[in-house]
Amino acid sequence: MDTGGVPPQRLIGSQVCRLDAPPRGHAPTGYLHPDEFFQSPEVMAGDILDLQVYYPWEFLSSSPCRTVVFPLITSGITYWMIKSLQQLGMWSNGINSYTLLVSPRLLLTTFSFILDYSVYRLAPFWGADRWNALVLLAGSYVTLVFYTRTFTNTLEGLLFALLMVLVSPKAVGYGTDISQAKPTSSSLIGIITVAGFFNRPTFLAFALMPLLYWAVLNATSQHSIKTIANHLLKLVSSTAFTALIFTAADTLYFTSIGSEISLYSIKKNGLLSTIAQINQNVIVTPFNFLRYNLNPHNLAQHGIHPRFTHFAVNGIMLFGILHILAISVGLKMLKINIHQLSWIRLHNHRPPTMLVLAKGNPTLLLFYFVPLAFLSLFNHQEPRFLIPLILPLVLLITPQNRTLKWKPIIIIFNVLGALLFGCLHQGGLIPCLSHLEQLIHSTESLNHPAHYTLVFAHTYMPPRFLLSINKRDPLVEIIDMAGTEENTLCQTLGQLANNIACGTRETDQERTCHFFVITPGTVRTTIQKCGVLFKNETLIFPHLTMEDPPQISFLFSEKWRSQLGLYILQIDRNEQSV
């Protein structure tokens, strides 16, 4: 959650005015990955609030690869409520960077308690103590940071948790005869599976083992063939119905077919002709997603990683010692199974220890490692892809009674993880956008309209919607230069410095132009070589960029604060370039 920051203190020195604190309205907040903004709130802010945004390629009608249903459920609902309150005069200033950032996160934070409920429900069955498992879950920085952000991976984890609850037998405890268990509703299982598939097709990797477990549970339970057939019929019908709803919603969103079809068109063209028109425009976003990501050339554009990255790096980065303990349990289980196979060959019967071990750990191990193995088949591997695995991991490790031994390490690891990813990582970019929003919408700017050009260099992609600029307002231009080279960056800054005045397409009058460069402190020295003068600079602290990390030696010098900061530099166009 974001809280109010400290009012900035202005330090006057020669020609440079510095701001060395976060702008009012935002505390430092880590920016994990552009997808937390550009797969939900950025898109919905443009569609519902009519703000200037950048639509990612997945949400363009020419390449629809993401369902619109879940962005509507999360960011869409919150933004519609804010817009309605503002139109009713109950919240005149409801649309601002703070509410646009916090409202979807608040809803996701509420949804994240599905994880707590799932642990509470599942722990007794898997032989874990409820409260120890809940403490392990709540203390993880993955829960605190990732599960409060608008990632599709977050929703994937919540749907995976619900699926695990649904496939687990009701009202049974650890050691109960599984053949006597009562399976849950097949319809709900079908709905959750299809919803997860449309959210992210990789959900099938997580759902595979729970679904197989549910199928075995039904096959071995004391039910008649008629009952089993009834379960399958409900599963198929709910799956088809849910897929139809998602497909219809995506088709209406990504095409103009929704506005073209009416009772008049059906009467004029006929029902069969109208249905044929719909069939020609049907959009099934998960298939487009798979078609794109199964192309190695497309994945290479997003980064190629070794296939062992999830297993050897990302698992440890997210879960720390818990991932290592899971590997240890898996190796021990493998050793026991090899020993049991040798025993069976010699004695022609199963050893008694296998009966105890097979009731808990082997299944949870499969719930954890099978999805990890499937995701490792793809060369593009990011840590957030594994966050749904926190639930089976907690249930697997809690009964091992090893967490007490590693308690200090677990606490230190999660505190550092929360600080790094929740505060430091690209942590100045969101307060920077809030500061610029206040500047653009200030009383002076409203009385004397000006044109603002914002150049972002060596930062993550800036979410435009946090500037709260209406689509019909042409007075703000954003140039995202990402990690561009020094020559290109200097050339762009030189062109901006020599641009004395600018006009708008709507009017012929000239407006004052303001040019700002937003860049990390580690890149500021490079920009100084461009020969451009700056009249104002604002330092927002903290900000850590792993793409341009600070040198260790600078962190122990007087410049450590600037190395861990984000600069907003205003180009001085009234002076001659050096």
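Each position is counted from 1, following the chain as shown.
Every residue gets a Cβ built from N, Cα and C, even glycine.
These numbers come from a predicted model, not from an experiment.
These features come from TrEMBL:
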type	residues	note
TRANSMEM	102-119	transmembrane segment
TRANSMEM	131-151	transmembrane segment
TRANSMEM	157-176	transmembrane segment
TRANSMEM	188-215	transmembrane segment
TRANSMEM	235-258	transmembrane segment
TRANSMEM	311-334	transmembrane segment
TRANSMEM	355-377	transmembrane segment
TRANSMEM	383-399	transmembrane segment
TRANSMEM	411-430	transmembrane segment
Same-chain residues at least 6 beyond the ends of the transmembrane segment (411-430) whose Cβ lies under 8 Å from its Cβ atoms: 22, 26, 28-32, 97, 101, 139-142, 144-146, 320-321, 459-460, 462, 466, 518, 520, 540-546, 564-566
Feature contact check the transmembrane segment (235-258) with the transmembrane segment (311-334), CB under 8 Å, 3 or more pairs: no
Among 188-215, 235-258, 383-399, stretch most in contact with the transmembrane segment (131-151) (C-beta, under 8 angstroms): 383-399
